[in-house]
2 protein chains.
Amino acid sequence: MDSNKRPEDMERITTPELANAFIDEQVDAIRAQVGDQKVLLALSGGVDSSVVAALLIKAIGKQLICVHVNHGLMRKGESEQVVDVFQNQLDANLVYVDATDRFLELLDGVAEPEAKRKIIGAEFIRVFEEEARKVGDEVSFLAQGTIYPDILESDGVKAHHNVGGLPDDLQFELCEPVKLLYKDEVRVIGRELGLPESMVERQPFPGPGLGVRCLGAITRDRLGALREADAILREEFAAAGLEGKVWQYFVSVPDFRATGVRDGVRAFEWPAIIRAVNTVDAMTAEVPELDWALLKKITARILDEVPGICRVVYDLTPKPIGTIEWE
Amino acid sequence: MDSNKRPEDMERITTPELANAFIDEQVDAIRAQVGDQKVLLALSGGVDSSVVAALLIKAIGKQLICVHVNHGLMRKGESEQVVDVFQNQLDANLVYVDATDRFLELLDGVAEPEAKRKIIGAEFIRVFEEEARKVGDEVSFLAQGTIYPDILESDGVKAHHNVGGLPDDLQFELCEPVKLLYKDEVRVIGRELGLPESMVERQPFPGPGLGVRCLGAITRDRLGALREADAILREEFAAAGLEGKVWQYFVSVPDFRATGVRDGVRAFEWPAIIRAVNTVDAMTAEVPELDWALLKKITARILDEVPGICRVVYDLTPKPIGTIEWE
């Protein structure tokens, strides 16, 4: 039987009971696969890798080595949450790498979106590879948060290889315990494993992180303004009960300044672009018709609290012609 | 008596009867002031200069020489309307100067907002001065669309001089027939003089025109995209009955590109920024809560009809902290 094909009679995991049955089954399967060997995992803080980490911790405890690479492009509080949940609450074997300076130095002056993505992706592999080599001799398995849509999208090809693009001398046997699950099932599992709601319901977040939302050539001051404005947006959407109702929402800040007036003095600062979309399949997306009071409150808070921002705009562009991200 | 002070017992001109009485009175006054001399007027196409032109044409016909300088930064159809109304309909003595190339060459590569404004303002004077010198020997008067708020704002100083900044050897005697009127009165007068509604109700438009809405360094292609997007916005606002209800609305296009997808191919094009404000005194301004259906229709049309635009955003920024214009 093809291990990458979800059995047709497999029940959709929608209840705590079904989730716990799956967890028990996978704990046994992981122990059988891994034995007393060690397992490496790149823990981004996203739903899939977080759930796989929690599952492996339950199965094999400190035989799992989680590596969290903070590329300096995380949203406000995200790396801190990864450390808090996995190191402090779940007592995981966590390697935390603050690679902010490495990434920002490489990205200095690079404005072209594809060039930025390539730099971030390649450097991410490089940093993870360095950590993998440190423990490579004692580790045989690489755990990954592959889910069933990943397999469907790649016709089953992608999941047979190290997704990370590690060099040939660093190939591990893969451990992908949620590879037959859909996203909603992964979330149910995550809840039963005790992960916090904000992590289980985390919005999709691009691999290059805020790097593709700090539009054009990234600078530390503009990246800082973006992070603060984005945090305000997420806070206000949560307070308005929109978390999980609007599919994705975030702020982008372009490398472009507009005129304003602050305390009677001319300001020449960045605009913050609010992007919110609803989608069924991510191939097309609609812009939600938000409450004006909410938009105005977010606008007022960003203008008041974020140094360097003197404008707030709302992106009205559906996909197509716009993409969800601005670059 | 101070000729720059509106008499306290002067009735507000709100009816056709009051307007016609004012027109008759001013026609006599202009004829008495000017005699058989010639009068020069810079005709921008704005409400004030258009009404003064129409009034002078009624009083002295072709003794008035109107100069319309098209700096290439007019909105779609505006210069054409000036020619149509004044040359074709009112049979005016109109000098039309297409100075597009001069302005755009001077502005080439200039990104700094204040530098752009200075270049546009200075070149405007230079072009008008050239036309004034051609007719200077035979002209004694300069007509201006000064209105009462201009006098109040300048404590009466501004209106005593050539507002245009012409050189000392080109000083004319001023003719300012609507200088004691408020804007709403000027509009009533304009209607009675037969000016089209779109000219009488024209929104305030900055002197540098689209030059300060084609943000950053102006290019012909981006200026063209801006002009088309702005025309769509005005057309849809008019169709929705918002003309005269929303105080000011326009499009700006920044010198910045975003990703999109057009016909399955990656696009890297400009965003169009919709700016709409309501204000009582222009010192503070609020963003109107427009119908989502209208915003989405405008967005769809701009994305569909304007080459080079792949995003549309709505500016949520009140004044302060934002200014009404983006630069």
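Cβ coordinates come from backbone N, Cα and C, glycine included.
Features reported for this protein in TrEMBL:
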type	residues	note
BINDING	B:Ser44, B:Gly45, B:Gly46, B:Val47, B:Asp48, B:Ser49, B:Ser50	ATP binding site
DOMAIN	B:17-202	domain 'GMPS ATP-PPase'
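All features noted in TrEMBL, drawn onto the structure.
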residue : record           : Cβ within 10 Å
B:Ser44 : ATP binding site : 24
B:Gly45 : ATP binding site : 23
B:Gly46 : ATP binding site : 17
B:Val47 : ATP binding site : 24
B:Asp48 : ATP binding site : 22
B:Ser49 : ATP binding site : 21
B:Ser50 : ATP binding site : 27
Given the ATP site B:Ser44, B:Gly45, B:Gly46, B:Val47, B:Asp48, B:Ser49, B:Ser50, its other Cβ neighbours within 8 Å of the Cβ centroid, in chain order, are B:Leu43, B:Val51, B:Ala53, B:Gly145, B:Met199, B:Arg202
Looking only at DSSP and grouping its letters into three states, which state does B:Ser49 (ATP binding site) belong to?
helix
